[in-house]
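Undergrad: Before we start, here is the structure in question, set down as structure tokens.
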Amino acid sequence: MKDLGRWQFISFLSRGMAMALGIIQSFVIIRILSVQEWGLIQLAVSIGGALGIYQHLGLASASTREISGAKKPEDVFKIFVTSISIRYLITLPIVFGLYFFSDKIANDLYKSPEISFPLKLYAAALFFQGFQSILNSVISGMQRFKQLFIYQVAISVVSILLYIPLVYLFKIPGYFYAFFAFNVLNTLFLIFVALIPLRGKMHLPSGKDYKLLFKDIFSISIGIYVVKIIYTNWEKLGGTLLGLNNSAEIVGIYAFAALFAKKILSISDAVTDVNLPVLSEKYQSDIEDFKRTFKYNFDKVFALIILSAAIATYWSKELITLVVGSDKYNGSLDLVPVLVLAFVIYSVLNIVNSSVLIPVKMTKQMIFSFLFMLIMSVGSYFLLTFKLNSINSMAWAVTIGALSCLVVMLYFISRKVSFVFFNHDHVLLLIQLYFIGWSGAYVSGIVKLGAFIVLMGLLIYALLVSKLITKSELISAKNKVVNKLSGRK
């Protein structure tokens, strides 16, 4: 439990630094571009992302699980080669398909010829992108967490150095020049970090080894693959559905609010980097210890997510005004509390998926839960448009979908392994989070600061009463911060 928490903390730091750099990059780009230009970029990214997800096959998580159990470096390389060969059976048709049909997609389907060339660049970048998650799984599967976390920060710096000047010089095409160059450099960097330790031990799998590895990896990866496709289409619903009947400006406003809200996923992503290899081993060795470790750790992570989301949502108006420097995205302010709630719920889904469903091999239940999320989101959108405008309908629809998925997922887990870790306390905290975000939009100045102190005090009190955190843990955390600031060990 101690090792899990320690590596998660380091992962939080690296993800936090990477997220901060990503926020700087995103908002500088937004300042450079008009709302329409940003909307067109997001439309192209939504289309490319919805297609690009089909290359993943769930191989990264499956490879991580298999590499974690590998006994020799030679076995690690065999798993890597097998996974890469499977990956490119899917990647190459997608790359060629998107490249050669980009004109038809841009002109005929979306009536936006400006995105034809960006889609071609996106297709070329997908070829290099195919290597990245498998190389990443080699690093995390061998539990080389230090190298993984250094890489996450370093590549974020590279991203800023590419995107900002190219977007400034070339606007929409510049964004995709940077996207292509970033993926090439990212892949080369990962090859160096992941494979250098395997020098002299790179033995190709025999035909027999390949068949066995293919079966082991594919049996796990197919469920993860389907879920990844579903999630990406759920995440891109704003661009794909709104883009059919609304202007690029509407797409851009929604995409901006979603971009702000999505930053909260950095916490759950940091957790999954560590949880998958660690908790997979715990489930196989001691199921009761697995439950205790996950429950204790989940409550702490949930509390951190709620606190972070509450602060970010409450001050979203000020943060957005500061980084954008104008009121051109004020239309997104009403969407932020709803979308933050949606992505907080998805953060829970992300943690539960990597920490419980995959280790327990609940493949069918995993697929059904996420498929239910997508269906509920799409259905809710069309129903809500009878009462709300399209952009608000979209925000509430993805929230309803995520919540529906969580309910179904918790039911399956309670039936399969008799494990309950999410209760009414967690639900009340989600409601409290939305209220804090909503109230932040209606006060300002000294009143807003005073209200913030009261609301955060009530939130911390609720966390203590629900026993997600304890008073001693708060005091310990405060002392650590004070000691760090004062230079004491």
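Using N, Cα and C of the backbone, Cβ positions are placed for all residues, glycine too.
Annotations for this protein, taken from TrEMBL, read as follows:
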type     : residues : note
TRANSMEM : 12-33    : transmembrane segment
TRANSMEM : 79-101   : transmembrane segment
TRANSMEM : 121-139  : transmembrane segment
TRANSMEM : 148-170  : transmembrane segment
TRANSMEM : 176-200  : transmembrane segment
TRANSMEM : 237-260  : transmembrane segment
TRANSMEM : 298-315  : transmembrane segment
TRANSMEM : 335-360  : transmembrane segment
TRANSMEM : 367-388  : transmembrane segment
TRANSMEM : 394-414  : transmembrane segment
TRANSMEM : 426-443  : transmembrane segment
TRANSMEM : 449-470  : transmembrane segment
Undergrad: When you scan the chain for residues with a C-beta under 8 Å from the transmembrane segment (176-200), skipping those not six or more beyond its ends, what do you find?
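TA: Residues 44, 73, 76-77, 80, 117-118, 121-122, 124-126, 128-129, 131-132, 135-136, 138-139, 142, 144, 147, 151, 154-155, 158-159, 162-163, 166-167, 170.
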Undergrad: Can you name the far-off residues of the same chain, 6+ from the ends of the transmembrane segment (237-260), with a Cβ under 8 Å from a Cβ of it?
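TA: Answer is 26, 30, 35-36, 38-40, 42-43, 45-47, 50, 110, 112, 312, 316, 319-320, 329, 331-333, 335-336, 339-340, 377-378, 381, 390-391, 394-395, 397-398.
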Undergrad: Using a Cβ cut-off under 8 Å, which residues of the same chain at least 6 positions beyond either end of the transmembrane segment (12-33) come close to it?
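TA: That would be 41, 148-150, 152-153, 155-157, 159-160, 163-164, 167-168, 171-172, 175, 256, 259, 263, 266-267, 269-270, 273, 304, 323-325, 329.
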Undergrad: Between the transmembrane segment (121-139) and the stretches 148-170, 298-315, 394-414, 426-443, 449-470, work out which stretch tops the count of Cβ pairs under 8 Å.
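TA: Of the candidates 148-170, 298-315, 394-414, 426-443, 449-470, 148-170 scores highest.
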Undergrad: Between the transmembrane segment (449-470) and the stretches 298-315, 335-360, 367-388, 394-414, work out which stretch tops the count of Cβ pairs under 8 Å.
TA: 298-315
Undergrad: Tell me, please, if the transmembrane segment (298-315) and the transmembrane segment (426-443) are in contact, taking contact as 3+ Cβ pairs under 8 Å between residues separated by 6 or more positions?
TA: yes
Undergrad: Using a Cβ cut-off of under 8 Å, list the residues of the same chain at least 6 residues beyond the transmembrane segment (394-414) that approach it.
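TA: Distant Cβ neighbours of the transmembrane segment (394-414) are 234, 237-238, 241-242, 254, 257, 335, 338-339, 341-343, 345-346, 348-349, 352-353, 356-357, 360, 362, 365-366, 368-370, 372-378, 380-381, 384, 388, 420, 422.
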